[in-house]
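> First the structure, which I've put down as structure tokens, then a few questions once you've had a look.
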Amino acid sequence: MLISARRLRRCQFFQLLTSCFVLSLMALLVQEDNSLINHVKSYSYRYLINSYDFVNDSLSVPRDRPDGAPSYRYLINNRDKCQNEDVLLLLFVKTSPENRRRRNAIRKTWGNEDYIRSQYAANIKVVFALGIEADPVKSHQTQKDLVIENKRFNDLIQQDFKDTFHNLTLKLLLQFGWVNSYCPSAKFIMSADDDIFVHTPNLVSYLKSLPIETQDFWIGRVHRGSPPIRSKTSKYYVPYEMYPWSSYPDYTAGAAYVVSKDVAAKVYEASQTLNTSLYIDDVFMGICANKMGVVPQYHVYFAGEGKAPYHPCIYNKMITSHGHLDDLDYLWRQATDPNVKSLSAGVLGGAYCKLVNIMLLCKLSYVDTYPCSAAWS
């Protein structure tokens with residue numbers, strides 16, 4: 001009896017310990033609702049419904065509704081930027097009024113139109129999309145500075161909405177509206193943040209290799225089955241009232257993506273009949289594209305919000321990398337140095353860079369960059 005009693009107490013102790021562990025785990029999972037569990041739920045939800053038609057129907061509004069596509073006045077507009085030219089790539093850089101130093105750095109590096117024209121026989125156009133200074137104290141002087149800057153470079157496109165995070169969808173509408181009105185012949189359109197590096201030589205070479213009449217083309221870092229962020233402490237917080245569903249349609253990270261001209265036209269058309277109050281611009285882009293039946297394609301060398309490793313073997317393949325402000329000159333020198341390109345030439349060079357890329361991209365602890373599969377491409 002004594003042994004049985006001890007065994008019983010020991011069994012009860014382990015049951016209690018197990019119960020405490022399970023309860024603690026459940027509490028942790030509840031706290032992490034916007035993380036792993038939410039992603040699992042949203043991804044399952046995405047494949048169960050297999051269609052977002054009901055989202056499109058719910059967010060559709062008549063063109064004359066106030067929550068439909070707004071119309072803002074151009075304060076600065078370079079309407080003759082394309083001039084009916086044969087434009088391979090129209091590159092929009094999303095910028096803020098105060099970021100003049102970033103714009104100047106881009107003009108000298110990856111946004112250098114003359115370099116691409118002379119070295120790659122390709123016509124690209126780079127313009128900066130922005131709103132107005134949100135701080136009323138600074139707005140007057142900032143606007144004067146922007147006018148002076150545009151007189152020198154003729155590459156600013158500005159409308160009279162406040163340039164804030166919650167107006168990013170308005171900046172998206174500015175871009176596709178401007179394409180529709182002033183540069184409809186551009187074969188490809190890119191949207192990029194002003195804190196990324198775009199390897200324009202690699203990008204232009206890739207775009208030139210595509211069929212002439214490429215359609216339904218949309219590439220970038222694709223987010224599939226992503227859930228809305230419900231934490232009010234996040235700047236990406238989206239309330240249920242704005243978007244009540246468990247996952248978004250597939251979309252590309254807003255840091256950088258490229259579309260063909262027909263996709264740009266379709267997105268613009270869809271945006272005219274959708275509720276524009278959703279301020280997460282890349283998600284809104286995904287909803288517009290989904291309404292028109294356009295599906296994003298994953299390109300392994302678009303880093304999205306990630307940052308590429310610093311290595312010549314990476315530079316040979318990279319398209320975009322995020323989080324670059326003070327190193328654009330260095331990256332541009334690497335991008336335009338023929339010795340860097342020749343590093344991966346030949347059988348030995350190719351094998352060397354393959355091995356280096358595997359070592360750089362396939363670390364389990366290094367996830368915020370290109371995927372491991374990029375090393376094999």
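Cβ atoms are placed via backbone N, Cα and C, with glycine included.
Sharing the feature lines straight out of Swiss-Prot:
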- Asn56: N-linked glycosylation site (CARBOHYD)
- Asn167: N-linked glycosylation site (CARBOHYD)
- Asn275: N-linked glycosylation site (CARBOHYD)
- 1-12: topological domain 'Cytoplasmic' (TOPO_DOM)
- 31-377: topological domain 'Lumenal' (TOPO_DOM)
- 13-30: transmembrane segment (TRANSMEM)
> Let me know how many other Cβ atoms fall within 10 Å of the Cβ of Asn275 (N-linked glycosylation site).
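Within a 10 Å radius of the Cβ of Asn275 (N-linked glycosylation site) lie 17 other Cβ atoms.
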> Which of the three DSSP-derived classes (helix, strand, coil) applies to Asn167 (N-linked glycosylation site)?
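In the DSSP reduction, Asn167 (N-linked glycosylation site) maps to helix.
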> If you skip the near sequence neighbours and keep only those at least six away, which residues in the chain come within under 8 angstroms of Asn167 (N-linked glycosylation site), Cβ to Cβ?
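Set apart from Asn167 (N-linked glycosylation site) by at least 6 residues yet with Cβ under 8 Å, we have Gly131, Phe161, Tyr279.
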